[in-house]
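> Please read through the structure below; I'll follow up with questions.
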Amino acid sequence: MYKIVKKETLSPAVKLMKINAPYVARKAEPGQFIILRVDEFGERCPLTIADYDREEGTVTIIFQEVGQTTKSLGMLEEGQDILDFVGPLGVASHFEGIKKAAVIGGGLGTAIAYPQAKKLHEMGAEVHSIVGFRNKDLIILESEMSKASSKLIITTDDGSNGTKGFVTDELKKLIEEGNTYDLVIAIGPLIMMKAVSNLTRPYGIKTVVSMNPVMIDGTGMCGGCRVTVGGKTKFACVDGPDFDGHEVDFDEAMRRQLMYKNHERQSLEDHKCNLGGETNA
Amino acid sequence: MPNMSPDKVKMPEQEPDVRNKNFLEVALGYTPEMAQEEAKRCLQCKNKPCVAGCPVNVKIPEFIQHVANGEFEKAYEKITETNSLPAICGRVCPQESQCEKLCVRGIKGEPVAIGRLERFVADWFMQNSKPQAKSIQKNGTKVAVIGSGPAGLTCAGDLVNLGYDVTIFEAFHTPGGVLMYGIPEFRLPKALVQKEIDSLKQLGVEIKTNMVIGKVLSLDELKDEGYKAMFIGTGAGLPNFMGIPGENLNGVYSSNEFLTRINLMKAYLFPQYGTPVKVGKNVAVVGGGNVAMDAARSAKRLGAENVYIVYRRSEKELPARLEEIHHAKEEGIIFKLLTNPTKIIGTDEGWVKGIECVEMELGEPDSSGRRRPVVKKNSEHIIDVDTVIIAIGQSPNPLIKSTTKGLDTHDWGGIIVEEATGATSKEGVYAGGDAVTGAATVILAMGAGKTAAKAIDEYLRND
Ligand SMILES: Cc1cc2nc3c(=O)[nH]c(=O)nc-3n(C[C@H](O)[C@H](O)[C@H](O)COP(=O)(O)OP(=O)(O)OC[C@H]3O[C@@H](n4cnc5c(N)ncnc54)[C@H](O)[C@@H]3O)c2cc1C
Ligand SMILES: Cc1cc2nc3c(=O)[nH]c(=O)nc-3n(C[C@H](O)[C@H](O)[C@H](O)COP(=O)(O)OP(=O)(O)OC[C@H]3O[C@@H](n4cnc5c(N)ncnc54)[C@H](O)[C@@H]3O)c2cc1C
Ligand code: SF4
Ligand code: SF4
Ligand code: FES
């Protein structure tokens with residue numbers, strides 16, 4: 001059992017939890033993830049390691065309540081336990097030699113990008129962060145991101161806060177203003193990562209994206225998480241989740257994401273009564 | 001007087017048309033009367049040919065004699081002198097190519113039903129024995145076992161009985177390996193595997209789940225934590241794909257994913273359990289081993305109308321246990337033999353709609369002695385399916401190898417060991433089971449666990 005030592009609500013559907021998991025905390029690195037199972041009936045649910053404290057023995061996760069698992073997780077309170085929590089999984093991000101980077105977060109992707117921005121910042125790299133949300137109520141991690149970045153741009157689709165528009169518009173502006181990045185990290189919806197990769201390709205800027213396919217074991221055993229990268233099949237859980245954005249087959253990834261749509265709806269319908277609420281996915 | 005019937009005493013089973021809609025066990029087991037009658041078919045051969053066919057040399061005529069005499073507890077003790085998981089082996093060993101293959105009764109009729117008798121004895125014991133607290137003299141030496149499949153469980157069991165403090169590290173949330181996530185409930189009830197695991201815990205084995213060794217701790221770190229020796233029994237979990245076009249379409253599963261969703265995550269009880277599985281109406285399972293049979297029969301049980309086994313060799317070469325092939329046919333699985341897939345065809349939205357195959361004929365024998373299938377000209381055809389399950393084998397997972405310095409492996413991933421001991425190239429580290437041999441059998445994995453336990457004991461005594 002893994003105790004929830006802290007719980008915070010970041011935006012209406014986004015929650016942060018600090019989980020007591022000393023073994024995972026000892027080894028965790030930015031770019032890696034954990035898989036948890038809330039209870040006996042639950043799915044194995046992969047979530048990025050947003051932060052960790054080796055001394056305290058805790059791992060922080062940030063999740064959006066989109067379906068049954070994340071909603072039941074969101075209903076747990078401080079002091080309660082999660083049944084299973086396994087990690088750290090996946091390959092840690094490599095930042096050797098990076099002097100200047102742009103970190104792009106789309107919606108919840110910001111939470112996944114945050115540890116990477118933080119690590120780059122701690123290494124002394126110049127970090128420009130551009131994070132986009134649908135509207136101002138959905139903005140998360142603003143102060144954390146601003147601490148980890150020398151420049152932070154927040155865009156909203158409806159312009160309700162700061163800049164109206166998409167993250168790609170802002171990135172394009174920065175590049176055209178003459179910023180030369182050693183690395184662009186883009187994390188968010190597939191469509192956004194695809195757009196960023198298409199934008200940076202002609203400039204030849206190395207672009208890393210984080211793939212979040214459906215996973216079960218997270219150890220390379222089921223093959224359910226396969227993505228096509230550079231024409232080859234890769235398992236996101238062991239070869240990734242970070243990949244070269246210029247090589248990823250995003251269209252295939254988008255199709256694969258729809259595999260369980262109907263089941264997910266059914267699962268949520270069947271559980272709505274005991275979750276007591278509307279879906280906001 | 002021995003029972004001279006040429007046939008085995010029939011095993012009571014669920015009717016095919018009933019069982020292909022549920023996940024309850026197919027074979028129901030002998031009654032004591034049936035077991036005694038079958039036991040009387042054994043001729044008590046002096047030279048015991050059957051024993052040589054069993055990888056752990058179960059004392060077959062001796063235990064069968066006890067069954068014939070109605071001394072079931074004694075029979076159990078006899079079996080467990082060399083086999084610690086009889087309830088499991090009795091159910092899943094490929095008896096026809098092991099113990100029963102060499103049984104003299106098989107020359108003119110069916111061999112003695114050694115597997116069924118073994119199962120009977122184990123089941124009887126579980127139901128009728130009272131667990132007695134065994135006191136083991138502890139020696140205070142810590143040993144780590146990585147992986148909780150049959151290899152790891154057996155090694156742990158032997159070591160704990162020798163007085164070691166044994167900790168099993170398991171990547172999944174449930175111990176048991178393939179016995180839990182691969183072989184389906186209708187063939188090997190999970191409660192039974194759980195009982196074996198519980199009895200290990202009672203003996204003092206500690207099981208730490210959710211521990212992916214190589215990620216959360218390396219072998220060297222385990223050593224630093226005080227484990228004086230280690231056994232790697234991590235199995236062959238890496239799924240092989242065919243490398244044909246269309247394998248990443250929606251509706252294509254590895255057998256591992258399909259079976260894990262169903263067995264471990266209990267997708268057959270969705271939505272009570274949260275994990276879904278998409279079965280579809282027409283399903284092609286590629287492969288001809290136990291794994292393929294399990295996937296096909298599971299798909300049928302989950303409502304698929306037509307389930308095809310697509311296998312490139314002929315019936316004779318099917319590597320699955322005879323009983324599984326027989327059961328699969330009874331349950332309505334359609335066998336497309338001498339058929340090889342060349343391409344999976346998808347809809348515009350990326351869902352499987354068919355599998356393109358060619359017919360094969362058997363040519364010259366290859367290195368394995370089996371006749372090599374060659375493509376028949378102009379035999380391309382399409383089978384309409386909406387799900388494809390690839391069950392063409394698994395390789396050892398590279399995770400431990402890639403995070404352990406000094407652990408030698410073959411190019412195909414198997415850990416290199418000294419056969420007589422299971423010792424790897426790394427001092428104090430032993431390995432066995434599918435991680436060493438590639439996908440094999442439960443009983444061989446158990447045997448390797450036993451061999452390593454003995455060698456670890458010797459190593460630590462001389463330390
Ligand atoms: C490596 C990785 C890191 C991730 N990190 C985060 C994170 O930090 N924060 C966060 O909120 N989300 C993260 N996700 C996504 C998160 O795992 C899913 O949102 C979650 O599993 C949804 O489960 P559900 O039952 O609540 O919703 P469902 O109703 O089951 O699904 C909703 C959506 O989640 C996707 N999904 C469902 N099951 C899985 C699964 N087993 N694996 C991956 N995706 C799935 C579906 O495609 C669907 O789009 C990550 C996913 C991966 C693979
Ligand atoms: C569907 C199916 C049906 C089968 N049917 C039969 C049959 O009828 N008869 C028969 O004899 N054999 C059968 N087999 C084969 C048999 O199950 C295997 O040969 C046997 O289970 C191998 O045992 P093992 O202990 O080596 O490995 P496994 O049973 O594979 O167990 C390995 C364990 O190690 C864990 N692990 C892996 N990596 C790590 C890590 N890094 N850290 C911690 N833990 C880890 C895994 O999660 C797993 O629990 C079947 C196999 C399958 C898949
Ligand atoms: S362990 Fe397997 S091979 Fe050995 S006697 Fe029992 S069923 Fe036969
Ligand atoms: S070979 Fe057959 S008949 Fe002879 S002892 Fe073995 S089981 Fe009995
Ligand atoms: S999640 Fe199973 S192989 Fe990646």
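Just so it is clear, glycine is given a Cβ too, placed from its N, Cα and C backbone atoms.
Taken from TrEMBL, the feature FAD binding site applies to A:ILE62, A:PHE63, A:GLN64. Annotation source TrEMBL lists [2Fe-2S] cluster binding site at A:CYS222, A:CYS225, A:CYS237. According to TrEMBL, the domain 'FAD-binding FR-type' annotation covers A:1-95.
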> Would you mind listing, in sequence order, the residues at least six apart from A:CYS222 ([2Fe-2S] cluster binding site) in the same chain with a Cβ closer than 8 Å to its Cβ?
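In sequence order, A:MET215, A:ILE216 meet the Cβ cut-off.
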> Would you count the other CB atoms within 10 A of the CB of A:PHE63 (FAD binding site), including those on all shown protein chains?
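That number is 23.
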> Check each of A:ILE62, A:PHE63, A:GLN64, A:CYS225, A:CYS237 (the binding-site residues) against chain B and write down, in sequence order, those whose C-beta lies under 8 A from a C-beta there; write 'none' if there are none.
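Correct list: none.
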> Measuring Cα to Cα, how many Å separate A:ILE62 (FAD binding site) from A:CYS237 ([2Fe-2S] cluster binding site)?
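Cα of A:ILE62 (FAD binding site) to Cα of A:CYS237 ([2Fe-2S] cluster binding site) measures 19 Å after rounding.
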> Around the Cβ of A:GLN64 (FAD binding site), how many other Cβ atoms lie within 10 Å? Please give the count over every shown protein chain.
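Counting Cβ neighbours of A:GLN64 (FAD binding site) within 10 Å gives 21.
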> Within 10 angstroms of the C-beta of A:CYS237 ([2Fe-2S] cluster binding site), what count of other C-beta atoms is obtained when all protein chains are considered?
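Around the Cβ of A:CYS237 ([2Fe-2S] cluster binding site), 27 other Cβ atoms lie within 10 Å.
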> In angstrom units, rounded to an integer, how far apart are the Cα atoms of A:CYS237 ([2Fe-2S] cluster binding site) and A:PHE63 (FAD binding site)?
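A:PHE63 (FAD binding site) has its Cα 18 Å from the Cα of A:CYS237 ([2Fe-2S] cluster binding site).
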> When secondary structure is assigned with DSSP, how many helix, strand and coil residues does the domain 'FAD-binding FR-type' (A:1-95) contain?
14 helix, 44 strand, 37 coil
> Roughly how many Å lie between the Cα atoms of A:GLN64 (FAD binding site) and A:CYS225 ([2Fe-2S] cluster binding site), rounded to a whole value?
20
> Can you give me the Cα-Cα distance between A:CYS225 ([2Fe-2S] cluster binding site) and A:PHE63 (FAD binding site) in Å, rounded to a whole number?
19
> Beyond A:ILE62, A:PHE63, A:GLN64, what residues of that chain have CB atoms within 8 A of the centre of the FAD site's CB atoms?
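The surrounding set, listed in chain order, is A:LEU10, A:VAL14, A:LYS15, A:LEU16, A:LEU47, A:ILE61, A:GLU65, A:THR70, A:LEU108, A:ALA111.
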> I'd like to know which of the binding-site residues listed (A:PHE63, A:GLN64, A:CYS222, A:CYS225, A:CYS237) lie near ligand 1, counting only a CB under 6 Å away.
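With ligand 1 as the reference and 6 Å as the Cβ limit, the list reads A:PHE63, A:GLN64.
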> Near ligand 5, which of the binding-site residues A:ILE62, A:PHE63, A:GLN64 are found, taking a Cβ distance under 6 A to any of its atoms?
none
> Looking only at DSSP and grouping its letters into three states, which state does A:CYS222 ([2Fe-2S] cluster binding site) belong to?
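SS state of A:CYS222 ([2Fe-2S] cluster binding site) = coil.
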